């Protein structure tokens, strides 16, 4: 498992890196990889999302091949793009989504934040609102895209969309939950330290692959 910190990187550039890594994983020539990064301000909308949920187009918009509706990415938000071979981990997308939720809940618990899943809604929540968004794309059982955890994010751009298609959805950040300064480098380190071991526990590698399909 490779864990790569890309720092602050343009969305399109990060997407190209994901595509290359996914092709290598599918071909068997590359390792599973977790990309950790931040984006300049951008709205992304899933393949089945409604552009009517974007109320202000002053920020760039990208329609992408993931599940979910519209969300915001910007500085202070930890974005994780795992490129994972689900064909070797049971071909269970729903369990993979639960893995990401559980991982993020463990990470924020390190900062004494009690987070939870909301029935029927993908993501990580607190009593104050949505703390992390999750949207995954899968092709031939190799994953792209992933999660966006609000750490020190300016939450104002969320007021100009219906986050994940939900009008009036409250959004929060780790900094707001803690009530003080949170360092991005510490959050990245905790995600990176937990990711591989927890994935292997949650979705162990298997010797054989199921039919990937297309």
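For all residues, glycine too, the Cβ spot is worked out from N, Cα and C.
Here Swiss-Prot flags 28-203 as domain 'BPL/LPL catalytic', drawing on sequence analysis.
What Swiss-Prot records for 66, 67, 68, 69, 70, 71, 72, 73, 133, 134, 135, 146, 147, 148 is substrate binding site, and it gives sequence analysis as the kind of evidence.
Marked as site 'Lowers pKa of active site Cys' by Swiss-Prot: 130.
The active site, acyl-thioester intermediate annotation in Swiss-Prot covers 164.
In the three-state DSSP reading, residue 130 (site 'Lowers pKa of active site Cys') counts as strand. For residue 130 (site 'Lowers pKa of active site Cys'), the Cβ neighbour count at a 10 Å cut-off comes to 22, with all displayed protein chains included.
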